[in-house]
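So that you can see what the record holds, here are the features copied from TrEMBL:
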type	residues	note
SIGNAL	1-16	signal peptide
DOMAIN	73-385	domain 'Peptidase A1'
ACT_SITE	Asp91	active site
DISULFID	Cys104-Cys109	disulfide bond
ACT_SITE	Asp277	active site
DISULFID	Cys310-Cys343	disulfide bond
Amino acid sequence: MKWLILALICLQLSEGLVRVRLRKGKSMRELMKDKGVLEDFLKQHKHDRGRKYHFNEYNIAHESIANYLDSFYFGEITIGTPPQTFLVLFDTGSSNLWVPSTYCQTQACSNHARFNPTQSSTYSAIGNNYTLPYGFGEVDVTLGSDTVTIQNVVVTNQVFGLTGYEPTSPFYYTYFDGILGMAYPDLAIPGYYSLMQNLLRQDQLTQPIFSFYFSRKPTYYYGGEVILGGVDSQLYSGEIMWAPVIQEVYWKIAIEEFSIGQTTTSWCSQGCQGIVDTGTFQLTVPEQYIGELLQAVGVPENSDYWEVDCNNIQNMPILTFSVNGNQLSLPPTVYVLKDQDICYIGVETTYVNSQNGQPIWILGNVFLRQYYSVFDIANNRVGFALSTSTN
């Protein structure tokens, strides 16, 4: 409702779509593996991807940075006057904007671009401090406001977090500098407009819509696109299949059925929920079903990394979600990932159920590389269309 009101008052609209080219960098997992610290980190920091969708006493989501271990799609923004450039993860699973700052002296910050407020003529200090909780530690931010630029879109007086402390592990190993949240306002630090709200308030979107395209063959120079203000019909085929948002906090939709090959499971007989989250790489499966799923797709028992035979991928089953009467299928060529000569299933486990007890799935990049995704702010719905395979 908050966004709907803002969308309705956007009377003067800018022209054209705003495209942010996404890059494919090494994921945090890959960088930590290269440095020989991944195994110790995972032993010390057990994580559940569902923890991202809990709240602390300040109504701020409890985010686990482990959700970002495998993320490698990032895009550029600038903050300040003259502009200071940052590589951020465009995250539909959170709502705050934060970047490292010169207030932070840890190795995690010094290894990344840091915002220097003294070098920006348009910066204003707010002074309020917040702690963003993570599964292994905390990130301290000080709030300030400044001009944020995304391509040719300029948002003035945008409140954002300047980090004062980031734990060295694992932030030192992130390829991205900060996070730009694109979920609903209720997830943001209370009392301030999120960036998405200000894009609407300041009439910067042609339409109150944004969309994502993730390339199936990503490179450093082109990993996909975030499109602000509409859709690009050349990046998908067929009609857009719409699903209403069932809780205006996350981009959460109802899942009616889940099938493995020709077999419809009973897993969603009482309803399931799916969070469409560009900040999570894997397809995340409710814990109570992971064993059956792995067995059905042919993962050997006691496999540490859920490996499968690379020569048998064509014989593995298609996974299908029924969403608002539409069938959204994932062939094995999409959900099986390859790391050199090793093939493994691109899924993770979550132990979290929704408030009404329905199992929660997280539809991350593995799912979204198959489907062009459209986030309709005014109508509170998410759209899916089959991505083109040419990029």
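Using the three backbone atoms N, Cα and C, a Cβ is placed for every residue, glycine included.
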Ask   = If one measures from the C-alpha of Cys109 (disulfide bond) to the C-alpha of Cys310 (disulfide bond), what distance in angstrom results, rounded to a whole number?
value = 39
Inquiry  = Distance check, please: Cα of Cys104 (disulfide bond) against Cα of Asp277 (active site), rounded to an integer number of angstrom.
reply    = 28
Query = Out of Cys104, Cys109, Cys310, which of the disulfide-bonded residues is least crowded by other Cβ atoms within 10 Å?
reply = Cys310
Ask   = Just the number: how many Å between the Cα atoms of Asp277 (active site) and Cys343 (disulfide bond)?
value = 24
Inquiry  = I'd like the number of other C-beta atoms within 10 A of the C-beta of Cys343 (disulfide bond), please.
reply    = 20
Remark   = Listed in sequence order, the residues of the same chain lying six or more positions from Asp91 (active site) whose CB sits under 8 Å from its CB are Ile179, Leu180, Gly181, Met182, Ala183, Asp277, Thr278, Gly279
Query = For the domain 'Peptidase A1' (73-385), what is the mean per-residue pLDDT, to the nearest integer?
reply = 91
